[in-house]
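In Swiss-Prot this protein carries:
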- 1-12: compositional bias 'Low complexity' (COMPBIAS)
- 1-100: region 'Disordered' (REGION)
- 27-38: compositional bias 'Low complexity' (COMPBIAS)
- 66-83: compositional bias 'Gly residues' (COMPBIAS)
- 85-97: compositional bias 'Basic and acidic residues' (COMPBIAS)
- ASP296, HIS336, LYS537, ASN624, ALA625: substrate binding site (BINDING)
- GLU429: active site, proton donor (ACT_SITE)
- GLU623: active site, proton acceptor (ACT_SITE)
Amino acid sequence: MHTLNNTITTTTGSQDPNLDPIPDPDQFPNRNRNQPQSRRPRGFAAAAAAASIAPTENDVNNGNIAGIGGGEGSSGGGGGGGGKGKREREKEKERTKLRERHRRAITSRMLAGLRQYGNFPLPARADMNDVIAALAREAGWSVEADGTTYRQSQQPNHVVQFPTRSIESPLSSSTLKNCAKAAIESQQHSVLRNDEKLAPVSLDSIGIAESDHPGNGRYTSVSPITSVGCLEANQLIQDVHSAEQCNDFTESFYVPVYAMLPVGIIDNFGQLVDPEGVRQELSYMKSLNVDGVVIDCWWGIVEGWNPQKYVWSGYRELFNLIRDFKLKLQVVMAFHEYGGNASGNVMISLPQWVLKIGKDNPDIFFTDREGRRSFECLNWSIDKERVLHGRTGIEVYFDFMRSFRSEFDDLFVEGLITAVEIGLGASGELKYPSFPERMGWIYPGIGEFQCYDKYSQLSLQKEAKSRGFTFWGKGPENAGQYSSHPHETVFFQERGEYDSYYGRFFLNWYSQLLIGHAENVLSLANLAFEETKIIVKIPAIYWSYKTASHAAELTAGYYNPSNRDGYSLVFETLKKYSVTVKFVCPGPQMSPNAHEEALADPEGLSWQVINAAWDKGLQIGGENAITCFDRDGCMRLIDIAKPRNHPDGYHFSFFTYRQPSPLVQGSTCFPDLDYFIKRMHGDIRDKQF
């Protein structure tokens, strides 16, 4: 004991500068050693950690944990020169982070598959514990909050609960009941002799009434029947009934369908082109029981020639026609240009006075690495820059929205206008203009970052300086061209620079610019439209989705690599403004080879985006990306809008149908469109499940 006291005294009180500043760790077995930073527990790990906090604090307070008493004194002996050890620890932390990101990437792929094909009610940020628990429950096990897992014990006088799932079976319930009774009669004696050796699941609730077997005294009372045949037959009966009930419940939902009116019905001077043709078009839509129509209100037309001079006369005439047919109306605040390979002869640019400003100051437009400008929409970096005749970008948007709200106040009061969609980027979607065909982009190219104008570069440099790394204040130089593939670039390739310190910094800043723009505009949209529903369109960027980097999503502004959920952060911002999300559903099924070449996964992307929105409590609507579809295309859209057997019964709040031309010119789609609308309304149901 005397020796031990001397040792402790020497250790805690020594101040000799000649001693080794890095003492031997074996001499101090109780010293706290640096460990890699642990991951924040989620799911069951979080519950277990919370349960263990109180005992741990008691142990500390009572001095029962080894090494607590000498911790302070021990730290004093190692205070000098540990620079090399610190660098090694930092390297080990980084290696641990890389291993963790790789593990999370594998987990995210497993979660996507389970959500898509297994109908498991997994949260968007589920971890492996949640996956194992869901699989265990599906197999009939019980899983407690602390992770304790066990088979259900015998519970007399309680009904056995079997997991329900949809099945495909040609057998009717009556046939299954007959099979069950036959199995019971043939196995009754052997089962009663051997019931103690069977599984511990209680089957007291399974009994046969005397009326089912007249004259047979054995069935005058309820008895435990543990026959395998009885179990399977009755479980099949329950599964069939549950599937029928759940399918009918899902099919009965009423999803409103809106038809998008063609773009060219309002000319560049703000006048209605063909009133009689529009009337005929609306008559066709009314005959199909369409709930309403969607019309683009183009900034480049209404405020096309002079700032703050708004021409609404053509839209007033159009809205009066829509009111005559008693159709609802959704309007789009279209702050982008229209035109391209699929637009025909219709071209709608940004306002002429904006283009004139752009000639003197081209940095008001998005710019790629080679200095080429995109005229699809205004640069988000000028949202708060007074470069538009004394107004900022968001002031221009707000003035336009406020003018519309004032001009058509009577339609809002009547309830004719049910929602307003806010255009937030290229094609009216919340995304960067990263895929311009006029600059050579070809599907499935990864696109290019749009941040090389002076305003964006100043923002990037300021952010880099605040981090203490001024040399990070520039865009990537090795991210390829518009039509490049991920593996062809240093930045997007497997374990490329996108996942380096600089890559994560840049991608976070790039995506935050998108989120910040959405927040700036939506805050003013809520002021302009008050209680009216606000809609924001989210793109479907499904190519390169099977790569680790998700390169196409990154250039479009969604920081969504395989080890990170980029959509939840966007939806958190949209949730603050009670926004309804409109998701552009992917196009028709492509050949497996085409998907493999594009590394595309439209189904996986759809499930991630839709479930991320639902997890945040957002309503979600849909829009088809194709112009005319057959019966198979209709079924795919219906399955997305009204998912079968969803545990929470979620479904789309509306659906917008885009058409290639007026219905009077595209009558070949008429029968399929009629079927599609009836299915969305729940008027007809698919009994083949």
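Glycine residues also receive a Cβ, built from the backbone N, Cα and C atoms like all the rest.
The closest partner of the residue listed as 'active site, proton donor' among the recorded positions, by CA position, is HIS336; the full candidate set was HIS336, GLU623, ALA625. Remark: HIS336 (substrate binding site) has LEU350, GLU376, CYS377, GLY423, GLY425, ALA426, SER427, GLY428 as non-local neighbours, by Cβ distance under 8 Å and separation of at least 6 in sequence. Binding residues for substrate (ASP296, HIS336, LYS537, ASN624, ALA625) extend across at most 19 Å, taking the greatest CA-CA distance. When the compositional bias 'Basic and acidic residues' (85-97) is classified with DSSP, helix, strand and coil residues number 13 helix, 0 strand, 0 coil. Sequence-distant contacts (6 or more apart, same chain, Cβ under 8 Å) of LYS537 (substrate binding site) comprise GLU421, GLY423, LEU424, GLY428, GLU429, LEU430, LYS582, PHE583, VAL584, GLU623. The Cβ neighbour count for ASN624 (substrate binding site), using a 10 Å radius over every protein chain in view, is 24.
DSSP classifies ASN624 (substrate binding site) as strand under the three-state reduction.
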